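Trainee: Here's a structure for you.
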Amino acid sequence: MTTESQAAERLAFLAAEIARHNALYHGEDAPEISDADYDALMRENAALEAEYPHLVRADSPSKLVGAAPSGHLAKVAHAQPMLSLDNAFADEDVVDFVGRVRRYLSLGAEEPVALTAEPKIDGLSCSLRYEKGVLVLAATRGDGTTGEDVTANVRTIDDIPERLRGGDLLSSPPDVFEIRGEVYMAKADFAALNARLLAEAEDPAKARQFANPRNAAAGSLRQKDPGVTASRPLRFLAHGWGEVSALPADTQKGVMDAIAAWGLPVSDDFVRVDGAAQALSHYRAIEAKRADLPFDIDGVVYKVDRLDWQKRLGFVARAPRWAIAHKFPAEKAQTLLKDIDIQVGRTGKLTPVARLEPVTVGGVVVTNATLHNADEIGRLDVHPGDRVVVQRAGDVIPQIVENLSRDETRDPWPFPQTCPECGSAAEREPGEVDYRCTGGLICPAQRVERLRHFVSRHALDIEGLGLTHIESFFRDGLVQSPADIFRLTKDILLTRERWAEVSAGNLIAAIDAKRHPPLDRFLFALGIRHVGEVTARDLARRYRSWEGLKAMIDRTIEARDAAVQAIGETDEKFAARTAKELAAIVETPGVGPEVALALVDFFAEPHNADAVADLLSQLQPADVIHETRASEVSGKTVVFTGTLETMSRDEAKAQAEALGAKVAGSVSAKTDLVVAGPGAGSKLKKASDLGIAVTDEAGWAKIVADAQ
């Protein structure tokens, strides 16, 4: 049974993990997991929140949609949020959906519930705003409240008219009508695009190739240059609407018929059905011809047809109550497992990849499949040469789901204990399923990400040294490690394109200004797993200097090595027990076994130790000098919530810590003061329920001023 503390910890993990996958899928068009695995994470989050409603987080995935917009396109605030849909995975889920509609509307048992049903296109959500029938704005969904302005790009898509036409249903469209739908790429067009990109490449081995039609559509629409979008075969299908000044009908089908009459494409398989039985019959018909459709779909969407019922049903946090997406099961095929390779991700995770005899799954030729982790390899007992069942889950990432050649007399396939990229040790922490490379600072697979983190705002914060420059310097061999950043000179920069006297001088000055970073920023910049800003600050305050911190780390490494030597071969129970003992040596409030073990793994790796020593030849972390002022919040716990209008959250935190207060992220019985700005929600209510003192931003400013 899950305890409350375990549930809170798991919800925090799920919030971060789902946000990461949202960013990969919606923001970078590069998903790492299948739709089915993503849906499983969402269902786990929903189940925990249902059991522990008081633990629902402000950043809960149940409240969020998509991913934040990227930086290279202008942002657009949606007049009405572009929400996601809840999912159905079985016939019973659809029956339950109709039942919930009946109960919510208090309908009689004999009153029919009409639905619309249409294929769920696997594309990129887009809104088209027409004013007086003329297209004035197009935007991506983004995070649901803010998207990206893609108007210029959308104007190049043949399916999308510049001006709506009058139709048999309506002489002219309303003054304002925002049409929503999916930008997609047909399967044949996708294959032709990849073939053209391959033919046009100077080096075929380096040719840009899209993984699937959805990625191709998303990457093509979100271009800075509309000319690139125009060269890509994009299409559009309408499925709904957002802000409107008037509606042409009182049913979902009636409005969609009007949209089609105005000149926007609507699915040929959009129909009206009565109740769950007819909905499921249409689902079966669509599923049967799925492979023959010209575009990828991953299910069927049902919506309550009557708009007055839709209005009464309303919305939950991230989805309407009047609609649901009925997902298709994954498609499968048999093939030969030729080999198992290990890929190292940007964060050091080792992922086994199956190399397969080419096989067609759901109309797509599959040659690779994920094996997830060492435990999954053991569960399947797969070895090169086995016949396996491949599943194209969610139409995105193929995976092996069954081994047809299982032989329990064989030894398990040996998962590598060293990183194939750099040779550093691969470690698996207690309770985790993934092996990770411990050679973070020197591992080629991780270097660019580590370098980007090293110079980021909350780490060394080197102004003017962003990801583009990092990638360029790394590609040309100028910066391979953090220490190399400090070896750059103005003369080196001036030999490169687009660098002038002023820009080169400014960057070198910004780099030199960081040769004495605060100890906590230096520690955070190293990118040690589990050592975030707060943990780095706690360790820096406890040990005050790099010398003091390093002495503690050396003692911890010696203790770990002695324990291993005394007991010989280790297991997870031994590792967990040892980690607790190491945490006692670290002796820092808030730093537990997980962090202690991460510190040991990082600094005990010889490659990392060499990289840190090299870095210390270029800079010297500044010692921590406690400068707290006496104040009415000294020794107390403060929580900031809502919007701060005169300062950033980081500035407020720094002020509180300078006054000797501890800043917490959530309200509890141990909280002494809550500073609430506009938009404060559950934290403010909980503070009121617990009788905790509350002040606003002006009151906080007075506390700070009184301590001067």
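Each residue, glycine too, has its Cβ placed from N, Cα and C.
As the structure is a computational prediction, the values presented were derived from the model and not from experiment.
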Trainee: Given Swiss-Prot annotates Cys419, Cys422, Cys443 as Zn(2+)-binding, which of Cys126, Cys437 belongs to that site as well?
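Mentor: For Zn(2+), Swiss-Prot names Cys419, Cys422, Cys443; of Cys126, Cys437, the listed one is Cys437.
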Trainee: Work out, from DSSP, the number of helix, strand and coil residues along the domain 'BRCT' (628-708).
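Mentor: Helix (H, G, I), strand (E, B), coil: 29 helix, 15 strand, 37 coil.
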Trainee: For Cys437 (Zn(2+) binding site), which DSSP three-state class applies?
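Mentor: The residue in question, Cys437 (Zn(2+) binding site), is strand (DSSP, three-state).
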Trainee: Counting distance between Cα atoms, which of the binding-site residues Asp37, Leu85, Arg141 is nearest Cys419 (Zn(2+) binding site)?
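Mentor: Comparing Cα positions, the candidate nearest Cys419 (Zn(2+) binding site) turns out to be Asp37.
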Trainee: Given the recorded positions Lys120, Cys422, Cys437, Cys443, which one's Cα is the least distant from that of Asp37 (NAD(+) binding site)?
Mentor: Lys120
Trainee: Going by Cα-Cα distance, pick out whichever of the binding-site residues Leu85, Arg141, Cys443 is nearest to Lys120 (active site, N6-AMP-lysine intermediate).
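Mentor: Closest by Cα distance to Lys120 (active site, N6-AMP-lysine intermediate) among the binding-site residues Leu85, Arg141, Cys443: Leu85.
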Trainee: I need the nearest neighbour of Leu85 (NAD(+) binding site) among the binding-site residues Cys422, Cys437, Cys443, using C-alpha distances.
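Mentor: Comparing Cα positions, the candidate nearest Leu85 (NAD(+) binding site) turns out to be Cys437.
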